[in-house]
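Listed in TrEMBL:
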type: DOMAIN; residues: B:50-235; note: domain 'ABC-2 type transporter transmembrane'
type: TRANSMEM; residues: B:18-38; note: transmembrane segment
type: TRANSMEM; residues: B:50-74; note: transmembrane segment
type: TRANSMEM; residues: B:95-120; note: transmembrane segment
type: TRANSMEM; residues: B:132-153; note: transmembrane segment
type: TRANSMEM; residues: B:165-182; note: transmembrane segment
type: TRANSMEM; residues: B:220-238; note: transmembrane segment
Amino acid sequence: MNAIAFTGVTKRYGDVLAVDGLDLEIPAGATVALLGPNGAGKSTSINMLLGLLRPSSGEIRVFGSPPETAVADGEIGAMLQEGALIPELTVAETVDFVRRLYPRPLPLEEILRLADLTELARRRADRLSGGQTQRVRFALAIAGGPRLLLLDEPTAAMDVESRRTFWDNMRAYAAGGRTILFATHYLEEADENADRVVVIARGRVVADGSAAEIKAGVAGQAVSFLLGDQPVAGLDALPGTTGVELQGGRVTLRTTDLDATVAALYRKTTLDVRDLQVHGADLEDAFLALTKEA
Amino acid sequence: MRHYIKVEMLRMLRNKRYIIFVVAFPVGFYLLYSNLWGSESDQATGLRGSVLLMVSMAAYGALAAAMMSTAVPWSQERHSGWLRQLQITPLPGRAIILTKLASSMLLVLPSLLLVGLAAVLTQHVSLPPLQWAELILAMWAGTIPFAALGLAIGSLLPPDTAQPVAMIGMFGLALLGGLWFPESMMPAAMKSIAHVTPSYDYARVGWQIAAGEAPHAADAAGILAWGVALVALALVAYRRATVRA
């Protein structure tokens, strides 16, 4: 069964189209990264999955039910971008309060252990650091033992060490066959922690697959050189070239066939080519190529 | 929902501002004023000062508790994202405002009971048991309009505006209701404003019961009408604040 199904979902704020005909299915048990630049529609999609926003058109199903029903049944847990705690309550009181709102919660000790909070259990929320607060918010997201966990840029306020621990904790929670969807604009996070990466830009899915497939699916390599005042025209017609960018006198050619492009550059043009550099493809390049404004 | 109420109480009882304004202020001022004027008798109501002041200070404490436990905390929860945290749990939306109202009503009790206790212990105020029961019950139920007003403020305003508005509202209502000094001392213009405030009706019902009279119909009707109007406003404001786009 699909944990998540978006069918032709559109969300419009006035004149702005935040989500533009999104179709996406995520089977139960998968860990999926929703990767995209700021403003791509990641948070809007997650808020619609939680019933906090309603789609302007289209349909969303969570385990076959409308989002509101899934939330009321305790099927979804989420860590949203913002969310302060009640300052006067301790970590254990806060977590215990939220877990009791769910029909099938995890035991308190297990939640605290999964979120690395056992030692902070008796600390008041107003005495926690930013990273510790994030851990409590993760604890609140898993408190009800939800089958679907949504994380909206969960590591935004964390240092490198906390990030690593956070993803370990997430994997421990996912291991029970649970479905995870996390939004991020960190490519490494998507690469390392998801078995599927959905790239969205301007409210649409622009790529969907494993991190390796996404890297392979775009123009693999690039070559750049100093062009100076020479004309840029005609470079896009070189064999293998899929894109031309000019920035401060340096031109970058994206190519699927590096050898052919470079050979043609020397043989078929009369340009004075200086400081030639070849760039390998990584997910960062793939991501930029995919999400670049059309 | 019972656990939710417990959590709400716990957090307010740990809040210094609540304890100072709501518990320490009314009891402290009762002790001070009743020492000064406790044995004088009031001409308008015929009450001894110790009894009159007991009702006034209990009314102030209850009014302050009802507004302090609602307006600012609720506004902060909306803005800090705590409300969203609750909206994505199975907790039904209406449970949030009902819990806020119920907890606020419970948080009113410490100031009501402690001022009463101070009156009994220091001024030897004594009333027949039935009259005590009536007085406490009426003063307790009478805080509903103020809790509703606090919730409406919390729903309509961001925290940095809700804070001064709630403070001004709270002291303004206490002042105009004649809780700090008798309405007969007010200038005429202020008097006519005072007469339409819910706190004026609220205090008068308290004094009437303490004097062994039945509450006057006009005062009881006044507080009831305010209650209905402010609860309706609180519900509309809550709906507006939690609406899903």
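Each residue, glycine too, has its Cβ placed from N, Cα and C.
All TrEMBL annotations are machine predictions without curation.
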Please give the sequence-distant neighbours of the transmembrane segment (B:220-238): residues at least 6 beyond its ends with Cβ less than 8 Å from one of its Cβ atoms.
97, 101, 142, 144-146, 148-149, 151-152, 155-156, 196, 198, 200-202, 205
Restricting to CB pairs under 8 Å, which listed stretch, B:50-74, B:95-120, B:132-153, is in contact most with the transmembrane segment (B:165-182)?
B:50-74
Cβ-Cβ under 8 Å with the transmembrane segment (B:95-120): same-chain residues at least 6 beyond its ends:
1, 4-5, 8-9, 12-13, 18, 22-23, 26-27, 30-31, 34, 50-51, 53-54, 57-58, 61-62, 64-66, 69-70, 74, 83, 86, 126, 132, 136, 139-140, 143-144, 147-148, 150-151, 234-235, 238, 242
